[in-house]
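Q: Before I ask anything, here is the structure I am working with.
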Amino acid sequence: MREITPKRIMEMKGKEKITMITAYDYPSALLADKAGFDIVFVGDSLGMVVYGEQNTLNVTMDQMIFHTRAVAKAVKRALVLADMPFGSYEVSVEEGVKNAIKLIQAGADAVKIEGGYDHRKLVKKLVRMGIPVMGHTGLTPQRYLRLGGYRIMGENEEEVEEILRDAKALEKAGAFAVVLEFVLADVAKLVTEEVSIPTIGIGSGPYVDGQVLVWHDVLGLYESSPPFAKRYANLREEILRAISEFRKEVKEGKFPGKEHYWEYQDKETFNRIKENVMRKLRL
């Protein structure tokens with residue numbers, strides 16, 4: 001069992017800020033764990049930042065299992081959280097249970113489900129089975145078509161009520177935490193105060209119990225990123241510089257240098273071997 005558990009995450013509410021970052025492969029997960037994050041999250045955002053999709057709707061269970069397995073192999077300390085992709089739990093509770101089990105078998109410690117009140121029965125069932133669940137309300141990317149696109153949530157009474165109802169339903173169903181995405185900070189603060197489980201914000205202000213960002217946004221791997229994401233590096237430019245230099249050195253015959261390859265020191269030995277090989281192959 002990893003050091004950080006759902007129980008530990010729940011105990012951090014109001015005491016210590018929870019840190020969460022996405023990771024989609026072995027090397028990024030190694031670094032995230034070494035950096036000390038509490039939660040390493042295999043998000044369905046991989047559809048957009050890894051596979052180039054316009055949204056997360058085309059992400060499959062096979063993709064989530066594949067990436068979860070890679071991340072789980074790397075992480076020794078943090079809690080590994082895996083997203084339930086669109087279509088993996090909407091049809092029925094039974095279908096959701098089957099797919100959640102697959103992610104746990106791939107190495108996840110917990111699963112995340114978008115939505116709250118509408119999926120309370122699934123959350124309750126999974127928790128009873130011993131599968132920890134994190135909920136997700138506010139802007140739910142898997143339902144962005146219904147929401148009218150990617151936009152800030154909580155701008156009217158109806159949305160505030162829905163967000164709070166989702167969070168309370170998740171709490172009652174046994175979820176150990178809830179993500180609040182792109183929610184007005186005042187609303188996120190209200191939810192945080194009204195539920196006993198931790199709230200983890202993304203684009204939802206400082207009044208939550210923790211924060212999550214996408215790996216590629218933190219490192220500046222793309223030209224643009226969401227307005228709520230802070231860039232802590234500009235690796236896109238550094239990577240572009242490095243690979244461009246590699247290409248240039250190959251074109252100019254500068255790579256590989258003598259320190260990057262090995263050859264026979266005794267050329268007579270090689271020439272003898274060469275002659276024998278050529279003769280055997282009749283070249």
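Glycine is treated like the rest: Cβ placed from N, Cα and C.
Keep in mind that what you see is a predicted model, and the values were worked out from it rather than measured.
Marked as 3-methyl-2-oxobutanoate binding site by Swiss-Prot: Asp44, Ser45, Asp83, Lys112. Marked as Mg(2+) binding site by Swiss-Prot: Asp44, Asp83, Glu114. As annotated by Swiss-Prot, active site, proton acceptor applies to Glu181, with the evidence given as sequence analysis.
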Q: Between the Cα atoms of Glu114 (Mg(2+) binding site) and Asp83 (3-methyl-2-oxobutanoate binding site), what distance do you get, rounded to the nearest Å?
A: 8
Q: Counting Cβ atoms within 10 Å across all protein chains shown, which of the recorded positions Asp83, Glu114, Glu181 comes out on top?
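A: When each Cβ's neighbours within 10 Å are tallied, Asp83 tops the list.
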Q: Can you check what DSSP calls Ser45 (3-methyl-2-oxobutanoate binding site), collapsed to helix, strand or coil?
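A: The residue in question, Ser45 (3-methyl-2-oxobutanoate binding site), is coil (DSSP, three-state).
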Q: How many Å lie between the Cα of the residue listed as 'active site, proton acceptor' and the Cα of Ser45 (3-methyl-2-oxobutanoate binding site)?
A: 13
Q: Can you count the other CB atoms that lie within 10 A of the CB of Ser45 (3-methyl-2-oxobutanoate binding site)?
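A: That number is 21.
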Q: State the three-class DSSP label for Glu114 (Mg(2+) binding site), counting H, G and I as helix, E and B as strand, and everything else as coil.
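A: In the DSSP reduction, Glu114 (Mg(2+) binding site) maps to coil.
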Q: Any same-chain residues 6+ apart from Lys112 (3-methyl-2-oxobutanoate binding site) with CB under 8 Å of its CB? Would you list them in sequence order, or say none?
A: Phe41, Gly43, Leu81, Ala82, Asp83, Met84, Val133, Met134, Gly135, His136, Val179
Q: Among Asp44, Ser45, Asp83, Lys112, listed as contacts of 3-methyl-2-oxobutanoate, what is the widest Cα spread in Å, to the nearest whole number?
A: 12
Q: Which number gives the other C-beta atoms within 10 angstroms of the C-beta of Asp44 (3-methyl-2-oxobutanoate binding site), all protein chains shown included?
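A: 27, counting other Cβ atoms within 10 Å of Asp44 (3-methyl-2-oxobutanoate binding site).
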